[in-house]
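Q: Have a look at this one before I ask anything.
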Amino acid sequence: MKPASTRLLAINAVSKVFHDGACETQVLHEVNLTVHRGEQLAIVGSSGSGKSTLLHIMGTLESPTSGTVLLEGENLHQLSSKRQAQIRNQDLGFIYQFHHLLPEFSALENVAMPAFIQGKNKAQTLAEAKALLERVGLGHRLTHLPSQLSGGERQRVAIARALINKPKLVLADEPTGNLDAVSGEAVYGLIRELAEQLGTAFVVVTHDANLAARMDRQVNMKDGILSQSETHR
């Protein structure tokens, strides 16, 4: 068991119920999970198992019906909307199945955008964005628009964007789901490499057990219930 000092995110008895008129559907059942600093964690489950909902709650994009989510001891869902937005921009990074890049901006500008929103120095931010794109193998594609990039290249830009503010935790929802096998493997390799080099924790939601097995640890979700974790290394 890892010491408490390495704990980054603690999810305690989190449940989620969706209401539709008189009907209610419980998608999470008292989930408990700890994410450690620099850890690479996979959440595996079939579609509709609740794994994406859990990821959204971890990122303050949705609120739990009950339970708590603590980031370095701070209860995320007791904070103001403004403070939650600050945490999403400063401490969390997000990667989705679809890259959500801004089509009118270059790869370099897309990566820099979260730092611009935070009001960071433009020249320094662009230099850091360039360095990140070089790190993900796209130093030669800085001025290209998303429409001029392949699917794998767009997702690499999205990964660089997620890291621009040096987050403590990156949340990735099916980041390879829209890619071919070769590109998907490259993206997972990049996630592992960056986690190890930068000390950033990654939580990756996926239905692909083979890819999840390459992470430090995986947990399995079925019908909103999280199973015991499996450590790989």
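Sequential numbering from 1, following the chain as shown.
Here the Cβ of each residue, glycine as well, is placed from N, Cα and C on the backbone.
Small disclaimer: the values here were computed from a predicted structure and weren't measured.
Look at Swiss-Prot and you will find 9-233 tagged as domain 'ABC transporter', backed by sequence analysis. Look at Swiss-Prot and you will find Gly45, Ser46, Ser47, Gly48, Ser49, Gly50, Lys51, Ser52 tagged as ATP binding site.
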Q: Determine, from DSSP, whether Ser49 (ATP binding site) sits in helix, strand or coil.
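A: DSSP call for Ser49 (ATP binding site): coil, neither helix nor strand.
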Q: May I ask which residues of the same chain, at least 6 positions away in sequence, place their Cβ under 8 angstroms from the Cβ of Gly45 (ATP binding site)?
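A: Gly45 (ATP binding site) has long-range Cβ partners Lys51, His207, Asn220, Met221, Lys222.
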Q: Which residues of the same chain, at least 6 positions away in sequence, have a Cβ lying under 8 Å from the Cβ of Gly50 (ATP binding site)?
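A: Expected: Lys16, Val27, Leu28, Met221, Asp223, Gly224.
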Q: Have a look around Gly48 (ATP binding site) and count the other CB atoms within 10 A of its CB, chains all included.
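A: Excluding its own Cβ, the number within 10 Å is 11.
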Q: Ranking the binding-site residues Ser46, Ser47, Ser52 by other Cβ atoms within 10 Å, which is at the bottom?
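A: Minimum Cβ neighbour count within 10 Å, taken over the binding-site residues Ser46, Ser47, Ser52, occurs at Ser47.
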Q: If you count CB neighbours within 10 Å, which one among the binding-site residues Ser49, Lys51 has the smallest count?
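A: Across Ser49, Lys51, these binding-site residues, the one with fewest Cβ atoms within 10 Å is Ser49.
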Q: Specify all same-chain residues, apart from the site residues Gly45, Ser46, Ser47, Gly48, Ser49, Gly50, Lys51, Ser52, whose Cβ lies within 8 angstroms of the center of the Cβ atoms of the ATP site, ordered by sequence.
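A: Near the ATP site, beyond Gly45, Ser46, Ser47, Gly48, Ser49, Gly50, Lys51, Ser52, sit His207, Met221.
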